[in-house]
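S.K.: The feature substrate binding site is assigned by TrEMBL to ARG83, 106-109, 172-174, GLN178, 225-228, ARG408, 419-420. If you look up TrEMBL, you'll see GLU102, LYS263, 322-331, TYR333, 356-359, GLU383, LYS410, ASP416 marked as ATP binding site. Annotation source TrEMBL lists Mg(2+) binding site at GLU102, ASN104, GLU326. Sequence annotations record features per position, and here TrEMBL assigns domain 'Glutathione synthase substrate-binding' to 162-260.
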Amino acid sequence: QVVNYAPFTLLPSAVPRALFEQAYAVQQDFNLLVDAISQNKEFLEQTLASTIKVDDFTARLFRIYKQVLEEGLAQTVFLGINRSDYMFDCGLDGTAALRQIEINTIAASFGGLTSRTADVHGLVLKVLGRTEEASHLLPNNPAKGLALGIAKAWELYGSQRAVVMFLVEEIQRNIFDQRCVENELWNRNIRVIRKRFRDVFEQGSLDASRRLYMDGQEVAVVYYREGYVPQNYDQQNWEARLLLERSRAVKCPDIATQLAGTKKVQQELSRPGTLEKLLPGRPEAIARMRATFAGLYSLDEGEEGDRIAATAIADPDRFVLKPQREGGGNNLYGEELRQVLEKIKDSPERTSYILMDKIKPQPALNYLLRAHSPLQVSECISELGIFGVYVRQGQELVLNQAAGHLLRTKAIEHADGGVAAGVAVLDTPYLV
C-alpha cells in the first residue's frame, strides 16, 4: 500500500507547432471513423475473420459482440472516449511528419494526471528563471473533457437517480488518474461508484427492460478502465462482460468500439478505398486522416503476406511487429521480431499480428524523474496523444470534440512501452 508519484520529465519537450495543430485538427475525423466502424457489422466481420481464428481473446470479444447484436441492442446512447497516438517521423531531409501509431478505444489513460503536468513544468521553468517560457505552456485539461462526455451520456440516458460505474482492476496502480475524472463528475452532482468485474458477476442484474442494477442502484454509464487484455478475464469475468454488454447502460466503450480499436482494423484502414467505404462523401476528412498514416502491412495467409513476412525477416529494423493487444509493452522489434516471424511465418498464427513501418523520431535531451531511479540526462523521444470524445444518440451525433492532449517521453534505448508499463513518463509539449 505505497503511494508513488507518477514519473515525469524535468523539462517540457519541444514539439513542432504545425504537427501539434495537425493532430488536433484530425481528431474529430477519427472520432467519426471509430463510430462508423463500430456500426458496420459487415466490415468488422470481414476484417477480423482471419484474426479470430488464431487470437482467442479477440474471438471471445467477437462472440459477445455477435450475441448482443442477434439479441438486439438495448443501448441507445453511445459514448466514445479514445486517444489517438502519434510520433514525429524525421525524414532524410530533417523535416518531421506526424505519424499515427494507434487509436486506443478502451481505457485510454492519463487524461487525469496530464491535466496537472503543465503546472508542474510551469513551476520548474519559473524556478529556473524562465518566466517567459513558462507563460508559453498551453493549459490542458483532458479530465474535464472526458467527464463532459460521460456527463452528456449520463444525461441522455435519462435517469437522475442512476450512477456512473467505473469498472476497475483488482489492484489499481493508476487510481489518481481516474480520480481526476471522477471528481469532475462529482462536481456535476453525478454519483460515481467503482466496481470490479467480480462485483458485477456477484451483484449485477438486469430488469425486464434490461436496465443494469448494481447493489440495487441503476447504472447509466459503464466506463471501462480495464477489460482490454486477456489477463483481465476468467470465466466469471467473461460472464460479467456479457451481462454489461446486454444491458441498456451506456458502455464506454461498447464491445463493437473496442473491436474497432484492434490493430487488424488499423491495418485494414490503410488499404486504398477502405476509408471511402466507411465515410462516404467526406473526402476532406479522409485526406486529413490518411496524411497521418504510417505504412501498415497485412500478414494474412497468401502471397502478399508471404512477401511482407520475408521482407521483414530480411530487414527487421525497418518494422515493428504488433499483436492485437492494448496497454503497452507488447510490440516486437529488431532481432526479436525476426525470431518470432521466422517461427510463425508458415503458420496461421502470423495473422494475429500486423506489421508497421518503424518510425524514426529525432531524439532530444531531458531528465526522466522516476521514483528510485538515478537522475541522469537521457536521449529521449516523445509520443503525442490527442483525446477524443463523442456521444451518439440513435443516429444523431450530439457531441464530437478533441478533449486535450498527452505527451509521453521515454529514453531511446526502450523500444516499446507506455507510462503504466514503467517505460515512458509524463511530459508537456513546448511548441516550437
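Our numbering is plain: 1 for the first residue shown, then up by one each step along the chain.
Cβ atoms here come from the backbone N, Cα and C positions, even for glycine.
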S.K.: Between ASN104 (Mg(2+) binding site) and TYR333 (ATP binding site), find the distance joining the two CA atoms and give it rounded to the nearest Å.
M.R.: 21
S.K.: I'd like to know the mean pLDDT over the domain 'Glutathione synthase substrate-binding' (162-260).
M.R.: 97
S.K.: Give the number of CB atoms, excluding that of GLN178 (substrate binding site) itself, located within 10 Å of its CB.
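M.R.: GLN178 (substrate binding site) is surrounded by 22 other Cβ atoms within 10 Å.
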S.K.: Would you find the one among the binding-site residues TYR228, TYR333 whose Cβ has the most company, meaning other Cβ atoms within 10 Å?
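M.R.: It comes out as TYR228.
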S.K.: Which of ARG83, ARG173, LYS358, LYS410 has the fewest nearby Cβ atoms, counting only those within 10 Å, among these binding-site residues?
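M.R.: Taking ARG83, ARG173, LYS358, LYS410 as the binding-site residues, the minimal 10 Å Cβ count falls on ARG173.
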S.K.: CA-CA, which of the binding-site residues ARG83, ALA107, ARG173, GLN178, TYR228 lies nearest PRO323 (ATP binding site)?
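M.R.: If we rank ARG83, ALA107, ARG173, GLN178, TYR228 by Cα distance to PRO323 (ATP binding site), first place goes to TYR228.
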S.K.: If I take the alpha carbons of ALA107 (substrate binding site) and LYS358 (ATP binding site), what is the distance between them in whole Å?
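M.R.: One finds 25 Å between the Cα atoms of these residues.
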S.K.: Say you check the Cα of GLU226 (substrate binding site) against those of the binding-site residues GLU102, TYR333, LYS358, LYS410; which is nearest?
M.R.: GLU102
S.K.: Between ARG83 (substrate binding site) and GLU102 (ATP binding site), how far is it from one CA atom to the other, in Å?
M.R.: 8
S.K.: Given ARG173 (substrate binding site) and LYS410 (ATP binding site), what distance in Å do their CA atoms have, once rounded to a whole number?
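M.R.: ARG173 (substrate binding site) to LYS410 (ATP binding site), Cα-Cα distance: 20 Å.
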S.K.: What does the structure give for the C-alpha distance between GLU102 (ATP binding site) and TYR228 (substrate binding site)? Integer Å is fine.
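M.R.: For GLU102 (ATP binding site) versus TYR228 (substrate binding site), the Cα atoms are 15 Å apart.
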S.K.: What is the nearest of the binding-site residues TYR333, LYS358, LYS410 to GLN178 (substrate binding site), using the Cα of each?
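M.R.: Nearest by Cα distance to GLN178 (substrate binding site): LYS410.
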S.K.: Calculate the distance in Å between the alpha carbons (Cα) of TYR228 (substrate binding site) and LYS410 (ATP binding site), and round it to a whole number.
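M.R.: Rounded to a whole number, the Cα-Cα distance is 23 Å.
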